[in-house]
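Listed in Swiss-Prot for this protein:
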- 67-264: region '10 X approximate tandem repeats' (REGION)
- 89-110: repeat '2' (REPEAT)
- 111-121: repeat '3' (REPEAT)
- 144-165: repeat '5' (REPEAT)
- 166-187: repeat '6' (REPEAT)
- 188-207: repeat '7' (REPEAT)
- 208-229: repeat '8' (REPEAT)
- 230-240: repeat '9' (REPEAT)
- 1-18: signal peptide (SIGNAL)
């Protein structure tokens, strides 16, 4: 059981904070993790999209149209990159304000979770002890059978398998009993935790705190929208000439094709 708990802990540690331990860096914030994931995702899309554009431009039709799609694609990538740089601090400020405004709720829930954890810990320790006892019981039963297999070689393999079946069923039934007992012991605490959460939400709904939080969230969103407008306008101005050039090229090609067809 300790190995299972340790494995899960290592999994989460490796997935979130381990690299900061080895690098001696400060742990990433929630916004930093989201930003890193989004950056990797967008970069992957840009790289794969550029490959498709390059393939089309190399085709006969692409060479005939001469749209310079790869150059335009790189221009779009550069413009979007500038947009990300401009919006990064604004968005980070939004998340920071949001986290500050919800600190009180997280603190209340953490207190309840810590209290429940202390109450259920004896049941978890008891379950771990029972688990270890059953594993030792299982090893004692299986050990002699393994020795017989080594001595009797292959002809006794089928007999060994038949003798292992009831042992496996026995350990399964015994562990199922312990799991059911643990579930029964923890059930009241799960219900209590749900009740406390419902009480917190009801209290939040009836208090002025929720109205204040809604106002703050609305203000944060409004601020984010206002600060993002210049960056979005820069993006629009950067893309407009490229789109107009693209449209003019396509229309010219259509007119030329129509003239050729009409003269035939």
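Including glycine, each Cβ sits where the backbone N, Cα and C put it.
Long-range contacts of the repeat '7' (188-207) within its own chain (CB-CB distance under 8 A, at least 6 residues past either end) are made by residues 105, 108-109, 112-113, 116, 119-120. Listed as Cβ neighbours of the repeat '6' (166-187) (distance under 8 Å, sequence separation of 6 or more from its ends, same chain) are residues 120, 123-124, 126-127, 130-131, 134, 137-138, 141-142, 145.
Secondary structure by DSSP for the repeat '7' (188-207): 19 helix, 0 strand, 1 coil. This prediction places the mean pLDDT of the repeat '5' (144-165) at 64.
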